[in-house]
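J.: Got these off TrEMBL a minute ago, pasting:
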TRANSMEM  A:12-30  transmembrane segment
DOMAIN    A:100-301  domain 'ABC transmembrane type-1'
TRANSMEM  A:104-124  transmembrane segment
TRANSMEM  A:136-157  transmembrane segment
TRANSMEM  A:177-198  transmembrane segment
TRANSMEM  A:234-258  transmembrane segment
TRANSMEM  A:278-297  transmembrane segment
Amino acid sequence: MRRYVVRRLAQAVGVLWAAYTVSFLVLDFLPGDPVSAMAGAGMDSGQPDPAQLARLRHEYGFDKPVLVQYAEYLGRAVRGDFGDAVSTGRPVTATLADALPQTLQLTGAALLLAVVLGGGLAVVATYTSRRWLRQLLLSLPPLGVSVPTFWVGLLLVEAFSFELRWFPAFGNDGLRGLVLPALTLAVPTGAQVAQVLAKSLLTALDQPYVETARAKGAGRWRVHLRHALRNASLPALTVVGLLVGQLIAGSVVVETVFSRDGLGRVTAAAVTTQDIPLVQGVVVFGALIFVATNLLVDLVYPLLDPRIVVAPDRRAGFA
Amino acid sequence: MSQSLVDDQAEAGLGPGRPVGDGSPAERGRPVGIRRVLSFLIRRPGLLLSAAVLVLVVLAAFRPDLFTSQDPLKGVPAQNFRGPSGSHWFGTDELGRDVFSRVVHGAQLSLRATLIAVLVAFVTGALLGVVAGFVGRWVDDVLMRFVDVLLSIPALFLSLALVTALGYGTVKVAVAVGIAGVASFARVARAEVLRVRQAVFVEASRSCGARWYSVLGRHVLPNAAGPVIVLATLDFGSSILAVSALSFLGYGAPPPAPEWGTLISDGRNYLANAWWLTALPGLAIAATVLAANRVARALDGEWARQR
């Protein structure tokens, strides 16, 4: 077990390093001069003067050879220093850390809603024996993945804030302000969870062990939840691991729609002002979340299915 | 947006586990009877409707004047904020411009961006995947590790980083969305090439002394193409969503241009008094994506399964 965890951690660090390198290549070397973009972002009008450009270039190390720059930046990034945000002058790490709690609240609530609603939909749709109900429920997930998130958010605001006045339309205040944004963010995620879970539940219900459980006299509901669902939840869990990164990224759109403060707003503002260090920090943070959740999912697997043995040297049947 | 949906379906439905038999050259060479296509469609009214929606959207992108004669950019200020009616199907906006005409003309921008995005993802991804699968060894390792890294960065963040580097505009946004979609194409293309490469007819052609390029061009590519093309139709829907999300955030074409995402973000300012400015253009996006996904699902298996 320990060896497995160590190996997975090493892999995770490798992916993070590579993600940093990709973001470095994209942001610092694609056409467009980052220095004039930064100088342009800092000032309101006119062309930046050459002396200032040269000073900035020196300050950020752009006058050095590419590999030296890369090594220097990487060395700092390893210590958690992504430089200062150009637009505010504050360290990138601090800016992200300040914005993070709001976004974690939002994405956490959205993930919960997605799993409960999407999972519930899949369970009910596969349990019910009423054809019309099943078809109605199973037609919802394809719809959920096809609607633009920002549109759903605006429609919810229209209906529940302006017409019914149940929830506030904008801002960060409390639980009531969280409902609509979390619901909006949960729609595409929940739809995907529902699609995968419904599919794997249907497969599981065809398995011999379900037959055995029925023959033993277990009730339909018990067979459905204790036997089929437990086995069917593995693929859904994998999908949830993949979706967490999407949820964090989705906060860019949702926080913009609801004018909530958080990581997404910071990201949108950073892209608008071409704040390269900040965007780079966000990209690496996104990769970190992705890597961390997938690591977590892999470690949870054996709890759900004891046949999955994580130690690579003792392969017992299931790989 | 539905990046991992694509991955999931790609892996579940089209993965290397599928036997080589279905879609072999002999079966594929059979002409598809028009009558069979029709009877296939008649029994699936939803699919028929989806195909019709797609045809209308494509038509609107190329010949917007067929649908509306009103100018998308010039409005009558006296007639602003009119609700949907017979003369203005989608109402009018704050400058009295006809929203339906703006949506129709916007189809051109949004569809072009989507096609560019799909093309970038398809060409780059398929190239990476085919090279990795066909060459194998360390080339495969290097390319696929690179693809894994692309997958580890959330698609929207990758697109946003590219937009930061490239700048604003319809085409740049499209390229950014396309590059974010490269990874899934690379994986599917590689899996397919690996699957076909092991087939007996490839081995036979090798042992007859065929050059690698003729093996690749005559045997591997034609047989590996199907699932990649299905993925392209799936990617079409998610690219529309990604492109419109980026233009909603304001990184698309500059203001007067009626891109679909931009229309909704403009309408957002008048949410309280003019619901049609956001609701109806969004309906156009949703309908197009839904139709594209339905057609993709039909291509993915229903068509093959029914015969």
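The backbone N, Cα and C atoms fix where each Cβ goes, and this holds for glycine too.
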J.: When only pairs 6 or more apart in sequence are counted, do the transmembrane segment (A:177-198) and the transmembrane segment (A:104-124) reach 3 or more Cβ pairs under 8 Å?
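T.: Yes; at least 3 Cβ pairs under 8 Å.
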J.: Please work out which recorded stretch in A:104-124, A:136-157, A:234-258, A:278-297 has the most C-beta pairs separated by under 8 angstroms from the transmembrane segment (A:12-30)?
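T.: If we count Cβ pairs closer than 8 Å to the transmembrane segment (A:12-30), A:278-297 scores highest.
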J.: Select the range from A:104-124, A:234-258, A:278-297 that forms the most Cβ-Cβ pairs under 8 Å with the transmembrane segment (A:136-157).
T.: A:234-258
J.: Which residues, given as numbers and ranges, are at least 6 beyond the ends of the transmembrane segment (A:104-124) yet have a Cβ under 8 Å from it?
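T.: That would be 133, 137, 140-141, 178, 181-186, 189-195, 197-198, 201, 224-225, 229, 236, 240, 243-244, 247-248, 250-251, 254-255, 260, 262.
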